[in-house]
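Q: When I checked TrEMBL for this same protein, it listed these features:
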type: DOMAIN; residues: 2-97; note: domain 'Pyrroline-5-carboxylate reductase catalytic N-terminal'
type: BINDING; residues: I6, G7, T8, G9, N10, M11; note: NADP(+) binding site
type: DOMAIN; residues: 164-260; note: domain 'Pyrroline-5-carboxylate reductase dimerisation'
Amino acid sequence: MKIGFIGTGNMGSILVSSFIEAKAIEASSVMVTNRTIAKANALQERYSALQVAPSAQEVIAFANIIFMCVKPHQFMDILPSHQQWFTKEKLLVSITSPLQCEELEKVVPCSVARAIPSITNRALAGASLLTFGTRCTAKQKEQLQTLFDSISTPLLINNDITRVSSDIASCGPAFIGYVLQCMINSAVAQTKISNEQATELTSQMIIGMGKLLEKKIFTLPTLVEKVCVKGGITGEGIKILQEDVEHVFDKVIQRTHEKYDDERAKIAQQFQAHHSS
Ligand SMILES: NC(=O)C1=CN([C@@H]2O[C@H](COP(=O)(O)OP(=O)(O)OC[C@H]3O[C@@H](n4cnc5c(N)ncnc54)[C@H](OP(=O)(O)O)[C@@H]3O)[C@@H](O)[C@H]2O)C=CC1
Ligand SMILES: O=C(O)[C@@H]1CCC=N1
């Protein structure tokens, strides 16, 4: 199985590194390209057998599975002009949420799937979100599932819950990372703890919490309950969080869905312009 990557920015590079380090693919079976070619060359410096191509065309011709790791609005810079290279037996995999498989199937003749990763996949952990287009064969589904099994817990997701699933699995590390950084900043501002000490304590706390959940020792609600000793100190802190944080994610989720709708509207315009040209 040969795998291609068009776009080796943040997520393209993470996927290449994770698949190779999980031994799901050999570096010699990988070809990558990127608009700024230095980013593709940086991957070759790490994995010398990996091939770098000067353009998307070579990658598509080489690979059975082609990962499109560019931003949503950049898909149409590449797909229409490369239609003939996406021959029927190939599988195009989009890693971005706003594009749906059915839309991409109208632009390329090959099979299409969507696989939304998470930065947590770099540690061979976390979830990934898979959606298969109508043309995917049983073998292609199995190949993609096996690839993502090696770096994550893949979940099959329908279009109607794609955005919110991605909010949790893919945006989640940024959201929770931001909240934890706020806790660190407040601790440093309000007490004598150093930034280094607060950061180390917070990192160990979140790693430990992850292990409790992984080992199914506690669920999130039972964990909160166990820490909140009746009439104790944690409960006082929780009261403040109930006032200020309880509904904040309603707003976060509303905002990500608004942005998603904007992106989908822009993409619809791009697709319409393509189909009527
Ligand atoms: N970051 C994350 O945690 C996650 C991101 N995603 C999705 O992944 C996609 C990429 O995100 P991310 O990796 O963060 O973004 P980046 O901007 O880091 O990566 C996009 C890459 O695509 C390259 N590119 C753009 N146009 C072309 C082209 N015509 N030919 C070749 N390469 C091109 C860019 O090149 P150049 O270096 O020249 O800019 C850049 O390296 C997005 O759609 C995002 O929604 C999905 C899940 C999680
Ligand atoms: O397309 C998406 O939904 C992802 C989530 C994080 C960035 N992009």
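Using N, Cα and C of the backbone, Cβ positions are placed for all residues, glycine too.
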Q: Between G7, G9, which of the binding-site residues has the fewest other CB atoms within 10 angstroms in the structure shown?
A: G9
Q: Mean pLDDT over the domain 'Pyrroline-5-carboxylate reductase catalytic N-terminal' (2-97): what is the value?
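A: Averaged over the domain 'Pyrroline-5-carboxylate reductase catalytic N-terminal' (2-97), per-residue pLDDT gives 97.
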Q: Per DSSP, T8 (NADP(+) binding site) is which: helix, strand or coil?
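A: In three-state terms, T8 (NADP(+) binding site) counts as coil.
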Q: Within 10 Å of the Cβ of T8 (NADP(+) binding site), how many other Cβ atoms can be counted across all chains shown?
A: 28
Q: Quick check: which same-chain residues outside I6, G7, T8, G9, N10, M11 lie with their CB within 8 A of the centre of the NADP(+) site CB atoms?
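A: So the extra residues in range turn out to be F5, G12, S13, N34, K39, C69, V70.
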Q: Fewest other CB within 10 angstroms, which one of the binding-site residues I6, M11?
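A: Lowest Cβ count within 10 Å among the binding-site residues (I6, M11) is M11.
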Q: Enumerate same-chain residues with a sequence separation of six or more from N10 (NADP(+) binding site) and a Cβ-Cβ distance below 8 A; give 'none' if the list is empty.
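A: In sequence order, the residues whose Cβ lies under 8 Å from that of N10 (NADP(+) binding site) (at least 6 apart) are I119.
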Q: Could you count the residues of the domain 'Pyrroline-5-carboxylate reductase dimerisation' (164-260) that DSSP puts in helix, in strand and in coil?
A: 80 helix, 0 strand, 17 coil
